[in-house]
Amino acid sequence: MGTASSLVSPAGGEVIEDTYGGGGGEACEIPVEVKPKARLLRGSFRRTGAAGAGTGAAAGAGAGARGAGGLLGASFKSTGSSVPELEYAAAECERLKKEYEIFRVSKNQELLAMGRREAKLDTENKRLRAELQALQKTYQKILREKESALEAKYQAMERAATFEQDRDKVKRQFKIFRETKENEIQDLLRAKRELETKLQRLQAQGIQVFDPEESDSDDNCTDVTATGTQCDYWRGGALGSEPSIGSMMQLQQSHRGPEFAHSSIDVEGPFANVNRDDWDAAVASLLQVTPLFSHSLWSNTVRCYLINTDETQPEMDIFLRDYSPKLQRMCETIGYFFHAIYFPIENGSHYFNVRKWEIEKSSLVILFIHLTLPSCLLEDCEEAFLKNSEGKPRLIYHRLEDGQVSSDSVQRLIEQVSFLNKANKAKIIDHQGEPAEGVYKMYNYVEKIIKQDILGFENTEQEMKDLENEEDSTIPEENDYGDVLWDIHDEQEQMEAFQQASNSAYDLGFEKYYQRLNDLVAAAAPIPPLLVSGGPGSGKSLLLSKWIQLQQKLSPNTLILYHFVGRPRSTSSESASIIKRLTLKLMQHSWSVSGLTLDPGKLLEEFPRWLEKLSARHQGSIIIIIDSIDQIQQVEKHMKWLIDPLPVNVRVIVSVNVETCPPAWRLWPTLHLDPLNSKDAKALITAECNCVNIKLTKEQEKKLERHCRSATTCNALYVTLLGKMITCARRANTVDEILQQCFQCQDTVSLYRLVLQSIQESMENDKERDLMKEILCLVSVSHNGVSESELMELYPDLSWSVLTSLVHSLHKMCLLTYGCGLLKFQHLQAWETVRLEYMEDSQDISTYREKLIEYFTTQLSKARVTWRCADELPWLFQQQGNKQKLHECLLNLFVSQNLYKRGHFAELLSYWQLVGRDKGSMATEYFDSLKQYEKSCEGEESMMSLADLYETLGRFLKDLGLLSQAVVPLQRSLEIRETALDPDHPRVAQSLHQLAGVYVQWKKFGNAEQLYKQALEILENAYGSEHPLIARELDALATLYQKQNKYEQAEHLRKKSFKIRQKVARRKGNLYGFALLRRRALQLEELTLGKDTPDNARTLNELGVLYYLQNNLEAADLFLKRSLEMRERVLGPDHPDCAQSLNNLAALYNEKKQYAEAEELYERALDIRRRALAPDHPSLAYTGKHLAILYKKVGKLDKAVPLYELAVEIRQKSFGPKHPSVATALVNLAVLYSQMKKPIEALPLYERALKIYEDSLGRMHPRVGETLKNLAVLSYEGGDFEKAAELYKRAMEIKEAETSLVGGNALSRHSSSGDTFSLKTTLSPNVFLLHGQR
């Protein structure tokens, strides 16, 4: 066995392996055991064996003899020597293994990454595909818009061509007009030259010629102003704010017109020729106390009572099926209820009292007759058509047939109605033909009567067309009240509450309390509010309403603002609504149209300012009466102005329940209503029984006296209920039983429970009893009540006969009453009784609320967003605590719009606060809802509705103070209206006006001015220069200029605006209530057809005044003459009432410029009043003043002097020597002396008046400035230019310091009754009913 070295070639160093034989052989593989992990080692053995075989083949023969042994030995040696190589191979194996693992892991990660990338690319691919589809849709939309734009372009080109044609036509018409006017001017110039020639000829003959129109007196109404505005209109504005001596000297060479002359301060207002006491009495009777005016014409319910026979049942069915729903929708559009009430023919002999009650309440009665008239209907027909004392509209549909003659009863009725047609306003419609045609003809008459006679529209076709087209017509409201939003239902509710509180014929011994209330008015200031206290049902409301009537009759100059609070949580008990209503009343009496904030906190701050400003301008007292003020939530917080010092001529009276009166108020002067004594209680019950012919025995009267001795049983309401219960006795022997039951009730609530039980027992079946319970419970859980039409829809099986019978019973027993067309509780105790009797469990209350919620939600789903839905549904959700449903309801844009546009801003905010939204969130959610609604809008009508919604949102955001966000919706509203209507449409002007208001509040005056001017131009082109909307824009511009200290421009615009409003007021009769005025005049005309009585004469006088206010001078002349003639016949020619008619006739002739006749009548009236009245009576002063004004007009200045001196004397006796009214009379007398060129007499009067004004009103009061201006004129005329300039400069400083009425500081801490005119008006339903889709 050789060594390793013998196997190595010396030359090459190669390894040589032995082989078997000379030809070489295969390498032997040595069988060595190898572990599985060492596979690579096996390969290296194989390589070693192969190398040895190759070496043996190349060697010599000698080597071959040792073949086998040498190979084996060499192989083992070789293996043995390769151990390090094996280790190295194992290490290499491990390394390769690790690299392999690393490589495998990395590749797996790359695969995962590639998978993710593939998914990402797939997603991106899908997104790009979606974008491609969107772009394709956008492309299609753009194509459609392009086509629409092209179409719009062609339409615009057509309109432009039409416009060119119209313009050419107008040019031709204008050319003709100009030529005509030029000819007329030439004729006038020739006539002028002829008159001048005649004048010169007369003067040459020595004849003195006087022109009464050249008088520069302010008393001849050269510049008439109204309450609260006369101090705003200065005549010296042309001189600038700081006149100098040079300007005075320059003025001396210029024409001195009325801009720089003595001006009177004592101005009567817009109707200067109407005596103030007559005007106040007429308007007070018209708009506040209307005993002759039917409740049906005040209510917002149109009640149509239908009577039919068996023969006319088809006509009746057609009317109810086809035309009654149309009339209901028409009335519902403007916030009225429409009820078509009828009783089945088979019930003709039943419900007589109920039918009579319904006829009395009805606005319209329709009778369907043919040939016969059943006897059971004769009484109804007689009551409706022959006893129609109020002259309500009546219709008779008479179907005729050839060859058939009507029965005697039908002919007799038609003859009687025809004879009384003029007085009873009955219309007979004869029809021969198909019933459907006749009913359609009758429907047209009914529609006309409702529009004209009941709703009071004049231009019915255009007005009702506008009402039907406008989803929410606010133009009429903004004509009169600028941007102030108001709900006429609140005002109607107060009218009805006042009437219901005062409708009792019994005074309950109130005479002893009247004197205490009168003493409050006459007491010296300052004085805290008077507290009228008493228990529940003690008669506080009745006392206050009776006293209001008495004050309005005896003191027409007294301005009375009242508010009757209803049950808790109703609209009438909301503090923000009360303050806003009272503030609007103050604005109304100030003839102001300034904007009013809707923020409750700011309202509370502004109300005392308005109160003081009006008190400084109003003659006489201002009385504020709030009944049941303790029913207001957090009353001390919201009525804190009561504890502040009040102006000197303001008195406040509040009534409270003794138990709930705030402790801090108990220190105020208190008038406590004592319980009735037993004698008065017995007298009240006896009078109630006499009305139904029930005679109480002596024993029964004694029992009543013994029972009515405690405080609770002598309560006025308790005694009234007790009398009502006794009158229900059908037989005399049941009176004792009723008395025995009543005597067991020791308080009002328990007696009310007995009343409920008695009504239930009188019902025929359990169904009617359950119905009564349901109705009372629904009224109890509602916000403001439930209407009869709503009850009819809630209970489809309910008939009108059953419902009206039930309501009649509940009304007769003092449980329910009507308020704003809704059924409400008459007294708070009735509401408490129903709660205790039927709804002790809170689950019952929740159940009835859910019933109402379901009903109003159904109305919303039918797109009937009426004022009732907006009032009730959010409030019910709030009471249920369902914030989610409340939130959804608020996001109904039409519900929120209805609430906001009717002035319920504070209520809307409270709802949003409950659902936890701030101002920003509210704005965002409204924007989102509007965007969603806009997507569904198609057609002009829906786009106009969208524009209204955007405008409402903008105004709402402005009131919230979000000015930057308010601009966007207002601009969008403007864009929609310009596109859908026309750029010159009045609704576009409305959008411009609202947008300008935001810019004013935002202090961007330049933008606002431009928008106001654009709106003004549009409105002038649309309506002319004397429309109320023009006055609104002028007022807005004036306010804008005043904020920029441009006082002269502001003053000029305010004067112009006021003249427009004055003309509108003269034309319409009064600014806010023309429809009521017209209906009242028609109503009074029917009431004066009877015999001669003082009441009829008074009605004729009132009618003459109302026609005068409508500018119907001929009709006014007729009725005033009739009044005078009747009074002279009935009362005698020297009676003071005759002086009233003479005074009004004189005012009428003064208006017609018949000065001679007016002078004679004034002198007769003055003579009568001097002989009949006290020397210091106000009526004497008024007549004397008007006669003095007339003397000045005709140049009889000497005759005017004693009359003005009489006015000074009367005022000194009435008010004291230091009262502002005395100063006013002194100024007017001084002006007269100045015009008579008697400066020596005028100077001390001016100086005395100035001192009184400064002492009583303060040195910066406008009247001080007016007097200073007159003194400046006097000094100027006397040649003392330096003093004149100094006085005039001070006057202008006062003028510039005077702030605007809204948001300004009070004029002074001291106020007094001025000597200005007070306008007692109220809001017209036809104006404010159109505030929202009702």
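Cβ coordinates come from backbone N, Cα and C, glycine included.
As annotated by TrEMBL, region 'Disordered' applies to 1-26.
When averaged over the coiled coil (118-205), pLDDT in the model lands at 79. What TrEMBL lists as coiled coil is 118-205.
The domain 'Nephrocystin-3 alpha-beta' feature in TrEMBL is assigned to 297-456.
According to TrEMBL, the domain 'Nephrocystin 3-like N-terminal' annotation covers 530-654.
As annotated by TrEMBL, domain 'Nephrocystin 3 helical' applies to 679-838.
Annotation comment: TrEMBL describes 849-1087 as domain 'Nephrocystin-3 TPR-repeats region'.
If you look up TrEMBL, you'll see 989-1022 (among others) marked as repeat 'TPR'. A Cβ distance under 8 Å defines the sequence-distant neighbours of the repeat 'TPR' (989-1022), meaning residues of its chain 6+ beyond its ends; these are 475, 478, 483, 595, 947, 951, 954-955, 958, 963-964, 966-967, 970-971, 973-974, 977, 1029-1030, 1032-1034, 1036-1037, 1039-1040, 1043-1044.
Proximity of distant same-chain residues to the repeat 'TPR' (1139-1172), defined by a Cβ-Cβ separation under 8 Å and at least 6 residues beyond the stretch ends, is recorded for 212, 273-275, 277-278, 1097, 1101, 1104-1105, 1108, 1113, 1116-1117, 1120-1121, 1123-1124, 1127, 1179-1180, 1182-1184, 1186-1187, 1190-1191, 1193-1194. Per TrEMBL, repeat 'TPR' is recorded for 1139-1172 (among others).
Here TrEMBL flags 1181-1214 (among others) as repeat 'TPR'.
Sequence annotations record features per position, and here TrEMBL assigns repeat 'TPR' to 1223-1256 (among others).
If you look up TrEMBL, you'll see 1265-1298 (among others) marked as repeat 'TPR'. Assigned with DSSP, the residues of the repeat 'TPR' (1265-1298) fall into helix, strand and coil as follows: 30 helix, 0 strand, 4 coil.
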Counting by DSSP, what is the helix, strand and coil composition of the domain 'Nephrocystin 3-like N-terminal' (530-654)?
60 helix, 23 strand, 42 coil
Using DSSP, how many residues in the repeat 'TPR' (1223-1256) fall into helix, strand and coil?
31 helix, 0 strand, 3 coil
